[in-house]
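Input: a single structure, listed below in structure tokens.
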């Protein structure tokens, strides 16, 4: 039976129907094709990679794999199917053994492009080489590819990295210049789909937890010192470290076919921003990509774990990433077309608008599956039906229930918790008629977790009441999980963070309200820019506008990009 698709959203104003701005739900069907094959790609290892770090004569390599087939996309702006492997630290002969299982690869074959990068959190990632793995046709009797070593192509790669490799060869630190990437490809079975018109990730499932100490310091958010770490110098307990957390979870695809939403063109400049057309659109798009890269930043502290398939452990990890029901937290999320679930904590107390912008979370993707906000509540009786189904089961909030934070350790059984998720996104305006499919999809990926959906328009009053209860709860409990800080400088470096940690450890830093600190930080940045604009002449000053090793334009870009986000949110008239 064909899946029933909701009609495009229209608004009734004054008795006459008026079309909303272009965008939102898109009813374009997936082009029909016979079912393809489920294929497992395995990225085993690489050898003799270029040296990207002159200090260690090594690299921190990872692979970004992009799969292309002859299947036509629903829209030319649909993102490519990609996978990022974990990073192997300080190794030019890395071993990943990373698997990627993809469904509906057509019989006409595929082209797998593997770009190898060196991870550099402080700068752009250097490309170390490319490898193409192709198959002109596949079937269930296809022999496959078994641990074949492909030479790494040197086109469009970091010249600095290969220059370091040449120096290492001359010094006897490396043997030769040519590297290889070893890959396997195996057809597992025929994909059991009625329509094979789209490829998608089946598994394995993985979760990624990103940390940003600098963003955490700006937001005033710390990770608790649950381990009771003690300073060796004075014997006192160490202060909590500033850290902001963002998360990604690869769910089991496919997302329901009807979940297909395009950005809403509520203003003419929005299209240029998503397509990077024109000077203004290019600048806005570049700023948003930069913000996404900063929030979902990969570095040595990033946690990357693989779980074979949806299971209780996967659900428990999700609850851990959102800190169970602790502190009245609320989250902004985006679900991509390939079932990648991205989310961060959000809220007015953070004072930074980009964290609530679905444009940033989607990495300026023209199309996503779904987006909105969610939060977690703890149930008093895990076996009772919820009130909307005629049951008698209280949740926290609004009712205080036992068996959870902050007084006690959180219960681990997912059945004790309820995920309340909505479609509150002005950027993509997800169709409320698809909420039952969203619930079914999340129930399949998070076994044991109870799911409730809310329509941001049809159930606006109920949704706002529940979010108000969350905010009130955060006021009561949030002091245990969200902290503030005092910024003494207009810009942050690693040495600045160490100094602030030292001052805080010695008790010399006041605890102020975050709103005051964000205002102080913003005013300091504006003053610094004005000072440079007034005092420095790029024609006469030997450093021009670059300052002391840091471009003033970079600081200005951060301020401008935040203002851009506020402008976008204001123009939309809706939370994005």
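Going from the start of the chain as shown, residues are counted 1 onward.
Here the Cβ of each residue, glycine as well, is placed from N, Cα and C on the backbone.
Automatic prediction, not curation, is the source of TrEMBL annotations.
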Region 'Disordered' according to TrEMBL, located in which of 469-499, 500-530: 469-499
Secondary structure tally of the domain 'C2' (19-150) (DSSP, helix then strand then coil): 0 helix, 64 strand, 68 coil
Model confidence over the domain 'C2' (19-150), averaged pLDDT: 91
